[in-house]
């Protein structure tokens with residue numbers, strides 16, 4: 001019998017489960033598929049926005065949108081069109097019910113567990129296809145899947161250590177190979193983000209000017225310490241690198257921003273004799289503010305472009 005067995009809602013950036021259906025099937029095959037759920041959850045940010053994993057008797061389908069992924073487990077003979085229509089209904093209801101701020105700041109697993117009620121009702125409807133009221137939309141979904149079929153994930157890829165290390169969702173076209181370079185888009189820039197970017201550039205420019213002045217002083221006075229020049233130029237590089245991290249997505253982005261902030265603090269500690277307290281406070285505060293804005297500007301999920 002073809003049917004949907006379970007579904008879950010997962011945050012893309014870290015795989016945090018936000019909600020899930022109550023599962024009653026405890027068979028060995030279903031339990032094994034739950035392991036695949038966890039493995040996929042850790043790789044969602046590297047995967048295309050529409051995928052299918054075939055595990056034999058069962059299929060795992062999911063779509064990702066606006067930083068949230070909607071996953072479902074069904075039997076192998078469950079129609080693909082109905083599966084993605086089901087996921088699309090979950091997506092629309094979840095986006096309507098919860099705003100992005102709540103999903104981005106959630107820290108506890110299953111903090112939206114009440115969404116399980118909607119998952120269960122929708123699952124029952126889709127398991128009884130005669131009662132479905134969405135038949136008028138199935139033709140559109142069928143056409144969309146033919147034009148851009150879901151990416152087929154193989155078990156060998158999922159199990160390998162580097163299976164999806166270079167998978168780019170932005171370059172995914174539904175068929176063929178996937179490019180090796182990741183191009184993850186970030187969320188839209190906010191006003192505080194623009195302010196932090198401008199202030200980081202300002203601090204970088206101030207450090208650069210002071211660095212050239214230090215070189216000039218070094219040439220005029222042989223007793224000057226060359227390490228001050230290095231400290232000023234390192235401060236410039238750190239400020240500019242924070243600007244780069246704010247604009248572009250890279251691996252370990254948050255860790256890099258913290259390390260860069262640490263370098264800014266070290267440079268200013270070394271330059272305490274050349275700067276007053278207000279100048280030190282300004283540079284360190286701008287560095288901390290920029291680090292915060294880098295952390296708040298997260299990767300943006302890709303919205304599905306099919307109409308159901």
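Cβ coordinates are placed from backbone N, Cα and C, and glycine is handled just like the others.
Among the ranges 168-188, 189-209, the one that TrEMBL lists as transmembrane segment is 189-209.
Your range for transmembrane segment, going by TrEMBL and the list 129-148, 229-248, is 229-248. According to TrEMBL, the feature transmembrane segment maps to residues 255-272, out of the candidate ranges 93-110, 111-128, 255-272.
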